[in-house]
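I have placed the structure first, in the form of structure tokens, so that the comments after it can refer back to it.
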Amino acid sequence: MSPVFDVGTYFPERPPTWAEVVTTLLVTATVVPEFLDDTVSLPIAVAGFVLFALAVGPGANSSIGQRVGQWFRDIGKHDRALAIFVFLVTMAVLSLVAEALVVVLADAAAGGMMAVALYVFVHAVRAGGVEGWMSDETG
């Protein structure tokens, strides 16, 4: 007998927050025009979509994904902000020294953001709605 696949294991046991939904809508609103203007490489965006979809679903639920997620929650808000800031600085430096790489990463990220938007939408539908501005997990 084959195991039953349960997509519900890829979502938190809580509804999405309004902060998650609003952030997703804002990011989607900035990414969609790039697709409409044909400024995004579709093959790279599709690759980004697939990679992000795997990362937020099966990847996040793997043992490594769970450890990384727990570490990110454990480091606190200030260190999370620092990690995000370091990422932004790294991307800014890369944009100066490796422009072609940044274009590829930006196109992959555009596809990835569409995967995240789909994830948040499905999460809201599965949960039956949106609840509150913050979750207890955001610490």
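Just so you know, glycine gets a Cβ as well, placed from its N, Cα and C.
The model shown is predicted, which means the values in this text are computed figures rather than measured ones.
Among the features that TrEMBL reports, transmembrane segment is placed at 40-60 (among others).
Away from its own ends, the transmembrane segment (81-102) comes close to residues 72, 75 of its chain (Cβ-Cβ under 8 Å, at least six residues beyond either end). Per TrEMBL, transmembrane segment is recorded for 81-102 (among others).
Within its own chain, the transmembrane segment (108-125) has Cβ neighbours under 8 Å at 11-12, 15-16, 20-21, 24, 27-28, 31, 34-35, 40, 44-53, 56-57, counting only residues six or more beyond its boundaries. The feature transmembrane segment is assigned by TrEMBL to 108-125 (among others).
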